[in-house]
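Take a look at the structure below.
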Amino acid sequence: MKIGESNENSEKLLSKFQYNQVAFQLPKDVQEEATIKQILSFSSPIHKKLLYYSFCILTCGIGYLFARWNLSLKLFLLYSQCLDITQATHVVITSLDNEKELLKVGLKKIWINKSEKQRKYFQYRLYTYFYEDDCFKAIETPFQSLTHEEIIQNYCQGVEQPDEIASLFGYNNTTIPDKGTGKILIDEILTPFYLFQIFSVCLWTIEKYYQYAIVIFLTSVISILVQFRETRQNFQKLRKMTSQDQIDYIFRGKNDIKIQNKFIIVDKSIVNNKQKLSSKEIVPGDLIEVRDDWIVPCDCILLNGSCIINESMLTGESIPIIKNPIQLNKLIYSPNNDCKSITLFAGTKCLESRHPEKGQVPVLAIAVQTGFQTMKGQLVRSILYPKPTTFSFYRDSLSFISVMAMLSLVGFSLTIKSQVDELKENNTTIFQMVINSLDLITITVPPALPTCLSIGVSFALARLGKKQIYCISPNKVNVAGKITIMCFDKTGTLTEDGLDLYGVRTIGYNHKKSKICFQDLIIDVKEELQIPNVIYSMNLGQNLYGQTKLQPSQLVLEIMASCHGLAKVNGNLIGDPLEVKMFEATNFELDDLNNEVFKENDRIQILKRFDFSSTLQRMSVIVSRNDKLRVHVKGSPEKLRELCNPGSVPRSFHKILEHYSKMGFRVLACGSKIIDNDNEYNRDQAECNLTFLGFLIMQNKLKPITRNVIETLQDAMIRTIMVTGDNVLTAISVARQCNIVQPNQRIFLGDIAEQKLDGKNHIIWKDFDMSDKVLNQDNLSPELEFNDDSDDEFETPELFGQQEQQYEQQMEIIIEDNDKIVSIQNNENKKILNLKKSKYENYKQEEEQLIAENLDHLIDDQDPWKTDQPFVVAISGKAFQLLLKQIDINPKARRLFGLMLEKTQIFARMKPEQKAQLISHLQIINKKSLCGMCGDGANDCGALKTADIGISLSDAEASIAAPFTSKIQNISCVIKLLREGRASLVTSFQCFKYMALYSMIQFCTVTLLYFTLSNMSSRQYFYIDLFIIIPLAGTMGQTKAYKKLTQFQPGSNLISFPVLLSVIGSTLIQIGFQTFVYFFMKNQSWYRSGVDIHKDIGDIDDHRAMQTSYENTIFFLFANFQYVFQCVAFSIGKPFRREFYTNFYFTFWIILGMIFNSYILLFQKSGFQNLFEFMFEYKSKNNKDLDSAIKQEWMYQLYGIMILNMIITILFEKYIVPFTTRFYRNKKRKILKRYKYSENPYLNDELNQK
């Protein structure tokens, strides 16, 4: 076997980078998340190891922890840079996102060119790199550099030495490496936050806060277990989707497979070599039997027979696909492009395998990619290593916590003087002072914070699950709340899956005019295409019609019956819905086992099929009928016109095509020719010099919900874009029907001009309805006058001649019903435009309403996407590709590309890889641009993966093609997801703010108590955390999403003016009131300080006893109210969540908390006095002057102060924060307006400055 042999041509295609004397070669078609930017080699000398381990031991493991958290520190302490790679023990990999990863370099024996060698290697993100020829090379099978012919000749015999191949490529295993329960728990525990919690528990134990320490310890354990459970469940769910271990039948040894007359002949004796093996033992080159109801274990090339595959789990494509065997030709094998029809992808399901001698001769496939090199493995890799997003919430939260921890030191510094004074009087100790300082730090980082931050996401996921929307990447839920651009596939997403055959327009010869023209529209295909044979005399060089004695209509019928990839499963036609409708209109029957269609005594034998290629935009077959061989081709009209004899194409070709496309029909062109011998024709030879036959006109209806969803998204100021592989004109028509393009907007179409400029292709931007108007190339703005004669051939007055009146009459058949629909829609649109203002004006009106309600500080400070522009742009895939190729070398093209991204709403004739490229470029045109993609098929797989959120419409509960899968087969799931995403994001913000204020309130309370050498008791901490904070923070996330998807985006930056103002302002208010209560209490006649009381008792040196004091009682009772009403102040509903009182459990805890706290404060029951160690009165045994009791009247005053505190807190959040934020933003806008620059990197970068 030759898998290990190098291939010079393939190596030239590999990207090669050399950094710091370590060279490497990336694999072909490497994904962005696995792309390496730099490799540095390191070794670990013995002396450094000794110093490092000594340092870790001497620091009691603290050095190890810091080295674990900081790679640079670990490299400094333990490793030395190694210039000689042969001496290296480790490498540091830098990714495209500048993430660094330390990997161990191993040594492995492998077989190369039939000899065993030892090679250094490392594994990075499921790719294996071996060191050879002074370079680290990614291990790849050679199939993608071979032609079909070479693959058949070299690999059809199977594998004889599987162990040698496995030494290089490994066995077939897509199971995600399991970290194990212990490692996951250790990784979770050894995070800075949880280690801090362990430190806190130890500290509280020293302070004898046993109850509280136990509760916090249990809380932390539960939090760790919850995180572990979620991590484990997500891991197991993904592992279940990706792992596979089944029994397969492998044919190893010398198999009797021959090539005769370019056909692969499998001898029946091959069954003697059949072996039962685990799917994990498959190696590249193995011959595998394809069976019914079988999960494909790896990427394979079908060698013989055919099969029907369900790819829904992998791609989201719900329609089964027919796979055909590899053909003996010179095409380079490319599974991502034109060879999908011969490739069985790992993880997909074979519903049925087919062979004329099934049961005697097995259907075989060659394993070409195994393990994580498969298409399935690539999707798994993208899930395991997602690209970083600009979403900064979690990063900001860590910064926020650090600042809060530093504030604790400030608080302690304020108490130092009083504590030093008490130290001089021997009322405290240095040890106690240290404990107090550390205690303040523990208060600022709440133990339940990580759990609380994930509460919003957890509840959102539960609600989405009930709506049949499933998620395999929970962190994407909050990202969904910031989506500003939403892209949609057309067919099956915006429109129905099925297409109805509306009619056929064939061509004929007009003897009077002596030219070819289109015939009348045929709607009843079953009747009108069954016309008796008529001989047409056509002087076209090769007289197709005269030779076949068939008229074009009958040849079109033959194409409809044979030019498809359908199959029958249990008596039902399976395949492309378009082809199903097309075939059903012919009255033919399908015998796919014998590759023929028949009707009565008429049979058409399908000899060879060239499957549909998204690149070529066509498919073809070679058929035999009545001893005549013909090539039949159907595909996009633009492509077929290029392949047809110009003399057979009517001059009205473009006019007819444009008419039907503008009406929203999908148009396919048909062509044919006679050949002598099918064995002599490859695809290029077959699909040329065709005779044009006519158009198949398919009707693709919008899904009922589509228009409402698009309008809802646009009302929410979310940019909606159509990305489709369909015809530009059809795409424009559908875009208008579903309101992606507004009724009053003009459309300018960017496409490659038919006439080259200076011998080069260029793009012309024509008005879709008025072709004499174009866009200025420099700024994509309309020009008033422009004459272009590139298409004069089709615009001459004699185009239709005397047929014009007759043609219009024929068109009435088509447009009669549609005109009624269009007329009704236009009337409705005019009413809407007359009654409503533009969406942007409506946005401003809604913004003013938010300002009036003082809710504008909750929305993101960014300009919305304007939908009321007078025109939009549509572009073809060819034009998009032409611009894309020039953006790095041509400043003008780069600027044009940037403008195009901002103004284009319709991208048509886009190939799958172009869809993914478009998404990646849309993500960077604005700093806050987050882009979503919704699609239903394999063509959208790359775009779904690239988008910030991808939604696959699939019957499968989970598809690894996208983070979200909707079993609702329409785009209404987008609205539901965005609403829940916004609610989840706002919940995370509000929960974080509340936890921050909880820490600050408690921090203030404890700091003030430190002035009196007191503190809160263990039971008080216990009550606050377990019965106030956790229930409120936990139920806060249950508030449902707002019913309407509003026009505004929630903020996503914790380090922002409104968030900082809210947190700092609320903190100052609560500190101010607590400080006021402290001095107000000290001025009361009944007040006795805790120090005096405990001096009298004689236990002032007992820290635990000092917790019982007037100060402790009052601050605890007062702070309990602050925890509750601060939560109410932060629980703002509109415009992203419903009002807090709609959340039953949250409202219940708020009311219960206020009632219970009021009861304790106002009635001072002795039962609670003992429970919480309160002091409402003191009777001295030694000094009657110290006898005192808190007066009931003063408690009423304290209650009044609390109510005032609550009112000011709520008013501050309701009015002061919005007003101040509004003032700040207006000033900021004025400043930025002076220095305005575009955030679009294509409009404002160095290349454009040159």
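One is the number of the first residue shown, and numbering goes on along the chain from there.
Each residue, glycine too, has its Cβ placed from N, Cα and C.
Predicted automatically and left uncurated, TrEMBL annotations should be read as such.
Annotation comment: TrEMBL describes 39-115 as domain 'P5B-type ATPase N-terminal'. According to TrEMBL, the domain 'P-type ATPase A' annotation covers 273-383. What TrEMBL records for 50-67, 994-1013, 1020-1037, 1057-1080, 1144-1163, 1198-1217 is transmembrane segment.
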Task: May I have the DSSP-based helix, strand and coil counts for the residues of the domain 'P-type ATPase A' (273-383)?
output: 23 helix, 37 strand, 51 coil
Message: Please tell me whether the transmembrane segment (1020-1037) and the transmembrane segment (1144-1163) touch - that is, whether there are at least 3 C-beta pairs under 8 Å between them, with each pair 6 or more apart in sequence.
response: yes
Task: Considering only the recorded stretches 994-1013, 1057-1080, 1144-1163, state which has the highest number of Cβ pairs under 8 Å to the transmembrane segment (1198-1217).
output: 1057-1080
For the domain 'P5B-type ATPase N-terminal' (39-115), residues assigned helix / strand / coil by DSSP: 32 helix, 26 strand, 19 coil
Field: Distal contacts, the transmembrane segment (1144-1163) - CB-CB under 8 A, six or more residues away
entry: 1027-1028, 1031-1032, 1035-1036, 1038-1039, 1117, 1120-1121, 1123-1125, 1127-1128, 1131, 1195-1196, 1198-1199, 1202
Task: Mind checking which residues of the chain, 6+ beyond the ends of the transmembrane segment (994-1013), have their Cβ under 8 Å from one of its Cβ atoms?
output: 400, 404, 407-408, 411-412, 414-415, 418-419, 422, 427-428, 436, 439-440, 443-446, 448-449, 452, 1024, 1029, 1032-1033, 1036, 1063, 1066-1067, 1070-1071, 1074-1075, 1078, 1089-1091, 1100, 1106, 1109, 1111-1112, 1115-1116, 1119, 1122-1123, 1126-1127, 1130
Message: Looking at the domain 'P5B-type ATPase N-terminal' (39-115) alone, can you tell me the average pLDDT?
response: 88
